[in-house]
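I'd like to ask you about the structure that follows.
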Amino acid sequence: MVAEAEVSPRDRSKHPPHTEFADLRIGRGMRVSVPTEISATTVDYFIPSQLAQWNAELPPLRPSAIASNRPRHLPGPWLLVGARYGVEEATAEATQETARVARALTLLGRTPLTVADLLQANAVLAGTASAGHIRDAISWIEGRSPACAKRVPPPSSAVPGLLQDVLEFQQRSNVALWVKQALMYYQMVHIHPFADGNGRFSRALVAASGGALPASRAESLLVAAAIALNKNAITEQHAAVREGSPGRYLSSWHALQEWAVARSMALSADEETIANELAAVCGSTNTSALLLPLLANHARLRTSELAAGCRWSARNTPTYLARLSDAGWLARTGGATDEWTSPRMRAIQHSIISGTREETSIFFA
């Protein structure tokens, strides 16, 4: 006998007249009749005329930002970890999380991207194989039960098709990247495909959408970090989008993209200054080019990892470590004798996170 937990007429009256209700399985034979807000296709939410309007209003990116192939490591995978946890302490957890984010971004950067890639990337982000599956039960946002929830994502049976729709939209060539990112983020948050970690996954998808070009990749990472730092304010804007008024939401993303372009260029100049200083300390430009990404993307490094990554010989490694320690670029972690962190790089990254929070909060106010 299937137990039914129906929404009372009083409960239904809280929803608009056009709201559709569906009988959804909760588990263990229990079913509940709830308002089902199944995300329509991305294009259904944003009609082509609106897309054309917003694309036309996008100012051209600065030529130097588009053309530059100079590597940019300051806005790296660590940025998403720093926005979520902070980067002042070089914890083992931060090191592991940064490595997981880097692997997930590689998966999400595949072309063409598939639903299988999305599932694998979420498993990598979560650090558990079980996370690489679409949720198999009803999910709801806020409220003690689906009947009184603020929002009920689509049933799990609808998720694969909705994910495929997002991926097809991502491949469109007639939509600006920032518009794609805004709509993909909105859709992924509302589809809520996984049992946990949907926000983190959605931000990683935005970060990876910049592609392989250093400038675009850096800008997308900055955008994703800004989303993490302003996620509550962005969620409030989603309500207007659900009601068919995406203007404010898209305006915020438009401003965010302009900021990311300018911020990326500024960080590129900062990175060049850092590289020159590291070259002076190490006495080698080649060593500096190899060392900078190691310090930027690893909260902790063993001596062997530094030596291998920078191609130091066993004879020269102690000399390099001593020079970098004296200059404040390396310090031993706690009482460890073979593990290092970079106090100066952590301070630089903390400054980037703080600046991102201060500079972007106005866009979603």
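Heads up, the Cβ atoms here are built off N, Cα and C, so glycines get one too.
Automatic prediction, not curation, is the source of TrEMBL annotations.
The following feature annotations were taken from TrEMBL:
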type     : residues                                       : note
ACT_SITE : H192                                           : active site
BINDING  : D196, G197, N198, G199, R200, F201, S202, R203 : ATP binding site
DOMAIN   : 113-256                                        : domain 'Fido'
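Help me picture where these features are in the structure shown.
Under DSSP, H192 (active site) is assigned to coil, being neither helix nor strand in the three-state scheme.
The secondary structure of S202 (ATP binding site), as reduced to three states from DSSP, is helical. A sphere of 10 angstroms centred on the C-beta of S202 (ATP binding site) encloses 23 other C-beta atoms.
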Between H192, R203, which of the recorded positions has its C-beta surrounded by the fewest other C-beta atoms within 10 Å?
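The recorded positions H192, R203 were compared, and H192 has the fewest Cβ atoms within 10 Å.
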Identify all same-chain residues not among D196, G197, N198, G199, R200, F201, S202, R203 whose C-beta atom falls within 8 angstroms of the centroid of the ATP site's C-beta atoms; report them in sequence order.
N122, L125, M188, F194, A204
Pop the mean pLDDT for the domain 'Fido' (113-256) in here, whole number is fine.
88
At the Cα level, what's the spacing in Å between H192 (active site) and R203 (ATP binding site), rounded?
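Counting only the Cα atoms, the answer is 13 Å.
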